[in-house]
Amino acid sequence: MGLIGKDLIGLRDMPAERIKLILDTAVPMKEIIRRQIKKVPTLRGRTVVTVFYEASTRTRTSFELAAKYLSADTVTIAAAASSVSKGESLKDTARTIAAMGADAVVLRHPMAGAAELLARTVDAAVINAGDGAHEHPSQALLDLFTVREKKGRLEGLKVAIIGDIMHSRVARSDIWGFTRMGAEVRLAGPATLLPPGLEKMGARVCSSVEEALMDADVVIVLRIQLERQQQGLFPGLREYARLFGINRERLRLAAPGAVVMHPGPMNRGIEISPEVADGLQSAINEQVNNGVAVRMALLYLLTGGGCRK
């Protein structure tokens, strides 16, 4: 078992001390990335398997880079190209992974709870890279790391999360993570995309984007999934941009020097204007860079911290 437990399934039940350990461990990992030779032998002899049942560029590449910078061997299983497409179940895939002798498995799956199911089946450390609309813990951890790096703290900050909360696993993990670390989380978006029960998670649901943005220290903009328009969950892209899009004028409501983030990929001109995405307050590119450092920390703590049997 690693220094933060066997697996990373979500942030819902993760204590603040464990989150802090991950963020603190990511600091020296970022120093490694800044070196001319971005490689250390920390996880030499370890095998990390990535299994993605949904398309991903950023997350998969980030985990693969993290593993390679730590000298781990990586195996990528693209679900469409594997026996999954022939009807193989998740448990069958788990047995195959176990036979490979993997030390860690990074899983993305459209079904909520898939990572937890896999964790019960294999001895390897399982990292949830997104399971349905449930959680995406490594994204939230890199968001926390980025904000702490920019602001010097997390406790007492006002964090506004804007957009499609209902279908966003990032939003759920961010809510758990930021509230656990003492931040105030505000939510805003179309009423049809704000599910019930958000207050029970410790967040405040605002009646407008403007209310959520008022004096906010951090603004997290969520990608609007275009297929939701076809389902009638919001009126149209132009209308969404007018009512909920984060532009320069709306951003003035936030605190001076507010940090703007987006988990990607972005719909420029819809949920976020190009001026904001590319502006001085944007930390979107830093999120990508920090994502590798945080995932290096996770792989180290779960498989290379000297506590695995």
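Glycine residues also receive a Cβ, built from the backbone N, Cα and C atoms like all the rest.
There are 25 other Cβ atoms within 10 Å of the Cβ belonging to Arg108 (carbamoyl phosphate binding site). Per Swiss-Prot, the feature carbamoyl phosphate binding site maps to Arg58, Thr59, Arg108, His136, Gln139, Gly264, Pro265; the stated evidence is sequence analysis.
Less than 8 angstroms from the CB of Arg223 (L-aspartate binding site) sit Gly163, Asp164, His262, Pro263, Gly264, Pro265, Met266, Asn267, Glu271, each of them six or more residues away in the same chain. For Lys86, Arg169, Arg223, the entry in Swiss-Prot reads L-aspartate binding site.
For Arg58 (carbamoyl phosphate binding site), the same-chain residues 6+ apart in sequence whose C-beta sits under 8 angstroms from its C-beta are Gly264, Pro265, Val288, Gly291. Listed in sequence order, the residues Ser56, Ala129, Gly130, Val170, Pro263 complete the 8 Å Cβ shell around the carbamoyl phosphate site centroid, once Arg58, Thr59, Arg108, His136, Gln139, Gly264, Pro265 themselves are left out. Most Cβ neighbours within 10 Å among the binding-site residues Gly264, Pro265: this distinction goes to Gly264. Within the same chain, residues at least six positions away from Thr59 (carbamoyl phosphate binding site) with a Cβ under 8 Å of its Cβ are Arg108, Ala129, Gly130, Ser138, Gln139, Gly291.
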